[in-house]
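A short worksheet on the structure shown next.
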Amino acid sequence: MVQCYIYRGAKGSSINHIYYKLLVQLEIDMLILKMRREGFVLLLSLLAIAPSLCVDAAVTLPPEDRPLIRHYYKKHNTCANVEEFVQHQVKIFWMQDKSITPKLVRLLYADCMTNGCDASILLDGPRSEKTAPQNSGLGGFVVIDKIKTVVEDRCQGAVSCADILNLATRDALHFAGAPSYPVFLGRRDGTESNAAWVDLPSPSISWEAALAYFQSKGLDVQDLATLLGAHTMGRTNCRYILDRLYNFNNTGKPDPTMKKSFLDEMRKQCPPRVKKGQSDPLVFLTPDYGPSYSFTNTYYARVLANESVLEIDQQLLFNDDTNQLTQEFASSFENFRKTFALSISRMGGLKVLTGNKGEIRRNCHFTNKNNPNGK
């Protein structure tokens, strides 16, 4: 039986037609991919006409977003133009520094996958989430700070840091080549942040462990394979791949899945030991497009060619579902773009605070109670 969806932000508040069409198409594309993996080829033609057949159903995209609605601040008349304010500031930063895209994506991931999308990653403190070892090297804070300042000047005490982070990430991704997916709004900010909560996995884990981690957060195998595609941008420190290059699984040999020419290239950039006083080198996750920080599907072609920098990326080939998704996304950039929009929207809806929970911080670095400036 084919399910059909019309997406609504909250009961009685439908999203506009453009976003409706996008979200329906995203869901249909996701179902098509799933059915290809499961062998339901004959249903593809039916799925193609699904939007015209299913006009009465109403569910939320994603399910975790039920408390969130489209154009929350406009509908509540608290900051009608917040999305335009955010987009303008992100564009200014992005024109000067394209690397803000992977920085913001990583910042959003670190926030949502730890304690839900409550902007707790932004809070300062001696034992806050940003001090955890897994969050070493996080960036993008200055972008959020600037946007918050601008928004507070126009709509004081109205817009949460959590919503700003989600909007800013969407806009930076769009400027880099991703679709401008709809962001459901209405998140409130958390009032606690604890480094002990951070359970972000190592980039050297197996696909089984990675999938178990994603499932523990409420995401699935398609979200795993899709969100890892963000590794088409950004860089990593050599320390995270030295085991693959020189001592894989304590064998004293490199990872046998690595293409020989790629192994030689990585060894040149990441020697087994750095000289005294030298910092840990950084390498692009996709060397061909990395320096441009473009959102492409090149990542998946490199996985298929055994040219992944991180072990978790290469692990996508070792599971039937993730292998087929890798092949699908490598051959179709549009399928990747649409499915990425759906998966990052799902991640952005994890364990959100709404209603009377949390607060609207005046400064993203401090709870209102602990704000040293009192505002």
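Every residue, even glycine, has its Cβ placed from backbone N, Cα and C.
If you go by TrEMBL, Cys364 shares a disulfide bond with Cys161, out of Cys155, Cys161, Cys238.
As annotated in TrEMBL, Cys112 shares a disulfide bond with Cys117, one of the listed residues Cys79, Cys117. Out of Cys4, Cys54, Cys155, the record in TrEMBL bonds Cys79 through a disulfide to Cys155. Nothing from the binding-site residues Pro201, Thr232, Asp288 places its Cα within 10 Å of the Cα belonging to Cys117 (disulfide bond). All chains included, 29 other C-beta atoms sit within 10 angstroms of the C-beta of Cys117 (disulfide bond). Note on proximity: of the recorded positions Arg106, Pro201, Thr232, Cys364, the one nearest Cys270 (disulfide bond) is Thr232, by Cα distance. Take the disulfide-bonded residues Cys155, Cys161, Cys238: by the count of other Cβ atoms within 10 Å of each Cβ, the lowest one is Cys155. In this structure, the CA atom of Arg106 (site 'Transition state stabilizer') is 12 Å away from the CA atom of Thr232 (Ca(2+) 2 binding site). If you measure from the Cα atom of Cys155 (disulfide bond) to that of Cys161 (disulfide bond), you get 13 Å.
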